[in-house]
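Remarks on the structure that follows.
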């Protein structure tokens, strides 16, 4: 049975009574919490003989009353239980008529007389949201935060004639997180665990096992209900104390101060752990240092020099705004609604009318709260809109910030259009006129939804391999920046909108991001050509085109991730249900290479996001620009802050810190085997992170004499020279059957001579520059080693004499198995050819498998039986038959042996970013 309030699985049975002893109960109180306690007590087999709750307000019954009336349980709605200190006789008689054996008070605002409290044979139990004896009184949760307690919790106690002083029956506690609010504490722990505890307490009483533990005198405190006039902020305190004061008064009554002579209430406080962002000063009465209105919120300063940030402000007239809009609050224009938006508005009007049933007509001026709505109705409004408006995800604070219907519709429409997100993003571009367009390239770290300089201000040059010129300076992420990015991702996963978002809405955002990648494909392909040397036409089709396809593919998986139901051995007479759930892992780190900058990002991050994780991605140091452009587009798509973080910089600094970071739970890496081993070691030593590695390759391609030779030549060249040879699955060694060897080599050289080497932005170019200077130098050394060992250099092997990092397509023959060229990957445009005797299938297979790598492989033959036999024997993650480089977003991709483990693409990729939870319940 699912507990609606917490969405967590509970052991509540509807099919049979789980315990022998049951009680007749009187439920005294109100609220959604009271309703849930009532419902679950009945499901456990207890008999609720009467519900005593508050009168209807503005024609609306309390949720507890609604549930009880629906079940036919007697409901009594007394405005009070006593007058002038004396119990009202008629009220007590009505109460005693139900014959309760125990009073249960889950949440009650009325004063209940002692002759009612003591009337049942088991007395009365009360739920209180603090760890008694601390924080007695009606505002216990608030004072838990105001006082900076490290632990929060609740008590179920036996009622006596004191104020929250009765003996303890049971208590539960939880840690208070640094940025917890009343809402987060209540929703995460006090509400769901409180329901469970109340049911447990009743059963302990029924079974005669309920303790009565006297409350200690030591540590007892009492705090009354805080009034608005007493909630003014006293500024001469530390940032943490100010933060606790504001969050402890969140929503009611609201911590306030004077700004420009007007009372302004602060909501949504969080401690600022990163450096203070730039902003516009705001004088605050009583504060020694002005606040700063930044694009993220209002920064406030404590007397210890530390800072906190407030998200929302409310003025005396009740209007609430984002703190970041303090200086522009009056500039928001009214938007005209499209026909589709009008339909949404009409649906929302029906929802408002259902909640505000006492209001004859919903008009633009109708105020949600002044019409009688409560905080409980806010939750209902947000949830109904999500269900009836195509998964539209609003936050509770959206309602508080636009309380009038007309303003609320305007806010909804802006959110539908993505204007809220776009307004918050500030990008400092480097712009260039190139390829008949203006390209705009972000160059800063992207952390928590904002572009920002590295913490220490360091930058580095990213180089255009076509001519060796500097494209721009890029932020060089420090350890502090990595920590900021991980903290943002962790907060987004655990506390943010992303963690609460339903899977279909997550898919909608990913589809939108795919659309934006496609809309901007020419600019992205141009940036890819500048930054990585990719030929523009290839970048357009593959680098960008496959990135779009990848996001669309995994967007479709978001709402199709599911576990399974498992039949298990039953322990008679009990019956069990066992099922598995697929859950996101948490914060994931992704480290990608420089050969396909955007496509490698897409291959890993799309699966990661589809599974519901947040991520910190480090692009290759030499190719950061399309990743940063991707970050900009992710904001336009509507991804919440902190879900995607991009930190350009060094693998030795930023990448290593990610592999060691204790808050990273999964790391996906594509790169060299040497670095992959180091990453795996760091992930194991730090916190046993889950790891997937796509590493080096020396992929064999076997060409038999019965192949279609011209096709084999064409495909074989693509297998080696595709993307300048900077291709993880490139055919690192070709085995050509002896009888066709010479003809094959001759045809390859003839085709190479036709290739045009040049500017990657020239549409007729076949072969662009190598990615960076150090890589070009490594390739030239590779060729020198081949010549020294006695391999025959048939063609190329030299740098092209022109500016930039160009290398001639190269062909080596007579490569023996012991040679360096036969064993090591070049990762460049170098074809390494070895011949094998006619008909020696098993011999060539043994040579092909004589490598520590196993990423890809290929075979060309017209004999299907031979092809299938060879594909079965080749030790590789992928085998191509009569084709090569044919990858697809639906087909899993990954290697074996020292080429790594784990899969990108296809359904299997999702498992790299999911964890399986097994749940077994008894019923």
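Placement of Cβ uses the backbone N, Cα and C atoms for every residue, glycine included.
Whatever TrEMBL says is automated annotation, not expert-curated.
According to TrEMBL, the protein has these features:
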ACT_SITE  694  active site
BINDING   110, 111, 112, 164  (6R)-10-formyltetrahydrofolate binding site
DOMAIN    339-416  domain 'Carrier'
SITE      164  site 'Essential for catalytic activity'
In sequence order, which residues at least six apart in the same chain have a CB under 8 Å from the CB of residue 694 (active site)? 669, 670, 728, 855, 893, 894, 895, 899, 900, 902, 904
Counting each residue once, how many in the domain 'Carrier' (339-416) are helix, strand and coil under DSSP? 49 helix, 2 strand, 27 coil
Setting 110, 111, 112, 164 aside, what same-chain residues sit with their Cβ within 8 Å of the center of the Cβ atoms that define the (6R)-10-formyltetrahydrofolate site, listed in sequence order? 105, 108, 109
Extent of the (6R)-10-formyltetrahydrofolate binding site in Å [max Cα distance among 110, 111, 112, 164]: 14
Select the most exposed residue of 110, 112, where exposure means the fewest other Cβ atoms within 10 Å, treating these as the binding-site residues. 110
When pLDDT is averaged across the domain 'Carrier' (339-416), the result is 85
Could you work out which of the binding-site residues (111, 164) has its C-beta surrounded by the smallest number of other C-beta atoms within 10 A? 111
